[in-house]
Amino acid sequence: MTISLDSLRLDPPVLLAPMAGITDLPFRRMVARFGAGLVVSEMVASGEMLTAKPSVRAKAQAELTAGLPTSVQLAGREAAPMAEAAKIVADMGAEIIDINMGCPAKKVTGGLSGAALMRNPDHALRLIEAVVGAVDLPVTLKMRLGWDEDQLNAAEIAARAEAAGVKMIVIHGRTRMQFYTGAADWRAIAAVRAAVSVPVVANGDITDAASARRALDQSGAAGVMVGRGAQGAPWRLAQIAAALFGKADPKLPSGSEFSDFVSEHYEAILSFYGRDLGLRIARKHLGWYAEAAAAPLRAEMMRATDPAATLALIRSAFSEREAA
């Protein structure tokens, strides 16, 4: 099974979700090493892209080493800045532009972007049309089922987005007001699937092959998008692809290979962000990798401020660990 977006093929149809502060270039490269159909950048605010700040532009870097298509996700409330940001991102090497209409965070919806766009479909469609018209790239859309249980309008917006030129639609099976509580309603995604002919991808609570299979069965979707399930497990998408789509089983790191892998990711973060910011960002990834480690060792790793000391702790924590 393959998802086609114009000339691009997303094979396998197991995609990495955009996650703010997580799916940066170092993490996307780690996922790409094991395999995925697509990796998506963390959300980039369109207005900030126009400022040319290096820290913002870094979020939209698209260079990978495994030949995977890369999508850059843009968020914003107004059509013109979104269109201009899309042009910039295209010039930087993105192969796909994704529009964020699903982020539930108050700091995003309070600015009338993210999932808040679902409350005003006419305005959202003007924004979508502007982005589609600005670039010669496939444009995709990620959204939720609706704002709340009284506004379940994902199918309506999806149909209009397809007419505007959107090539793929990803649905997180919750409303904005649910945030991440309760369970994702994969069956509700089927209504969106029935409303459009472009590929629909299921997202939300997909953490392993079993949940991916249930999501596909219940939604009828063309593929799955994995977010939190990949935290601390960049190989998770490849495992799902092997179980469901006949891809080769990924070779998972174990023993010294595992500590080498975590060390490489840690050093890549420091190289990308610089020492001080990199130390802060690396801690969450180390925390996910170290969930099975002894509590005192894990706590010491979270407190460490010296890279050499942290690398020694990584070797101590992971030298006998096996990926799962």
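Quick reminder: no glycine exception, Cβ is built from N, Cα and C everywhere.
Per Swiss-Prot, the feature FMN binding site maps to Pro18, Met19, Ala20, Gln73, Lys142, Asn203, Gly204, Asp205, Gly227, Arg228; the stated evidence is similarity to another entry. The active site, proton donor annotation in Swiss-Prot covers Cys103 and rests on similarity to another entry.
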In which DSSP state, out of helix, strand and coil, do we find Cys103 (active site, proton donor)? coil
Around the Cβ of Pro18 (FMN binding site), other Cβ atoms within 10 Å, all chains included, total 25
Express the distance between the Cα positions of Lys142 (FMN binding site) and Cys103 (active site, proton donor) as a whole number of Å. 9
Per residue, counting other C-beta atoms within 10 angstroms of the C-beta, which of the binding-site residues Gly204, Gly227 reaches the highest number? Gly204
In the three-state scheme derived from DSSP, which category covers Pro18 (FMN binding site)? coil
For a quick check of packing: other C-beta atoms within 10 Å of the C-beta of Lys142 (FMN binding site), how many? 26
Tell me the Cβ neighbour count for the residue listed as 'active site, proton donor', meaning other Cβ atoms within 10 Å of its Cβ, over all protein chains shown. 24
Ala20 (FMN binding site) has its Cβ surrounded, within 10 angstroms, by a count of other Cβ atoms equal to 17
